[in-house]
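Step one of this worksheet: look at the structure below.
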Amino acid sequence: MVAALVVMLLLLSSACQAQLSSTFYANTCPNALSTIRTNIRTAIARERRMAASLIRLHFHDCFVQGCDASVLLDNSATVTSEKFVIQNDNSARGFEVIEQAKSAVENICPGVVSCADILAVAARDASEYVGGPNWTVKLGRRDSTNGSPSLADRDLPRFTDSLGSLISLFETKGLNARDMVALSGSHTIGQAQCVTFRDRIYSNGSAIDAGFASTRRRNCPATFPNGNGNLAPLDLVTPNSFDNNYFKNLLQKKGLLESDQVLFSGGSTDSIVSEYSKNPSLFKSDFATAMIKMGDIQPLTGSAGIIRKVCSRVN
């Protein structure tokens with residue numbers, strides 16, 4: 001009975017994945033991808049940090065009820081937004097960039113391309129633009145008509161999470177420990193707010209390099225809430241380039257967030273961090289693989305969901 005159930009679930013999963021295709025818009029909107037790319041490149045050229053924000057936005061979408069663009073929805077009479085849970089509030093960003101890309105695509109192919117697919121393509125284009133890997137994005141997702149703050153609060157990682165919590169959280173989404181470490185490597189770009197790393201840099205513990213902590217304290221006052229929103233690069237060495245310095249930093253106890261450093265703290269992922277620190281091409285390859293797997297999390301396909309005309313609201 002159990003075996004039959006497993007087979008049935010696998011078949012259902014395969015059927016769902018089979019509906020995603022890299023050529024999904026080849027006939028219905030052949031210029032969709034180039035239009036999205038132009039908008040994404042323009043936004044990152046204007047603000048380099050946006051690359052990290054767009055990759056993170058796709059991640060924060062897929063981890064909450066699947067890759068369905070639920071993270072983009074604003075509060076309304078029928079929708080409770082995910083934007084205000086602690087993992088997103090005042091930190092998730094890039095919404096306007098996705099809206100601009102959506103508007104441009106709507107101008108050429110009204111009602112065809114989903115916001116969920118635009119998020120997936122934007123993350124790939126952002127990675128490539130700052131020197132990260134490129135990959136073939138599977139398409140055909142549709143958009144949700146609701147958000148779920150409760151699931152967002154439960155399923156999105158926190159900067160204080162332990163290694164065990166992170167591994168477990170990713171496993172529930174079909175991603176293994178290697179996928180988790182590779183995806184965490186997106187912290188080779190982007191910035192974090194003082195409030196997320198204050199406790200770590202003032203802990204005076206052995207898990208952080210003393211000089212690194214001292215440097216970070218200069219722009220992050222010890223007393224809450226002073227300087228809560230002050231920013232620091234997640235990778236102090238090459239903050240605007242997608243490379244493997246993030247992993248080299250972890251070896252030196254220079255991970256900015258607790259959830260970064262736990263990846264190299266005497267636990268089961270130490271060897272993966274070491275591998276990536278020595279082999280940037282392996283890291284980039286594994287990152288691309290993990291992003292494709294993440295993009296496969298519970299997409300709405302076929303007649304499920306809708307194609308939103310504006311990403312922040314239901315039609």
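Just so you know, glycine gets a Cβ as well, placed from its N, Cα and C.
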Message: Say which of Cys29, Cys62, Cys67 is recorded by TrEMBL as the disulfide partner for Cys109.
response: Cys29
Field: According to TrEMBL, the disulfide-paired cysteine of Cys67 among Cys62, Cys115
entry: Cys62
- request: According to TrEMBL, Cys311 takes part in a disulfide bond; indicate which of Cys115, Cys194 is its partner.
  value: Cys115
- prompt: Apart from Asp61, Val64, Gly66, Asp68, Ser70, Glu82, which residues in this chain have a Cβ no more than 8 Å from the mean position of the Cβ atoms of those residues at the Ca(2+) 1 site?
  reply: His60, Cys62, Phe63, Gln65, Cys67, Ala69, Val71, Ser144, Gly147, Ser148, Leu151, Ala152
- prompt: What is the one among the disulfide-bonded residues Cys67, Cys311 whose Cβ has the most other Cβ atoms less than or equal to 10 Å away?
  reply: Cys67
- request: Using C-alpha atoms only, work out the spacing between Val64 (Ca(2+) 1 binding site) and Pro157 (substrate binding site) and round it to an integer in Å.
  value: 11
- prompt: To what whole number does the mean pLDDT across the domain 'Plant heme peroxidase family profile' (19-315) round?
  reply: 97
Alpha-carbon spacing, Cys29 (disulfide bond) to Asp61 (Ca(2+) 1 binding site), which is rounded to whole Å: 23
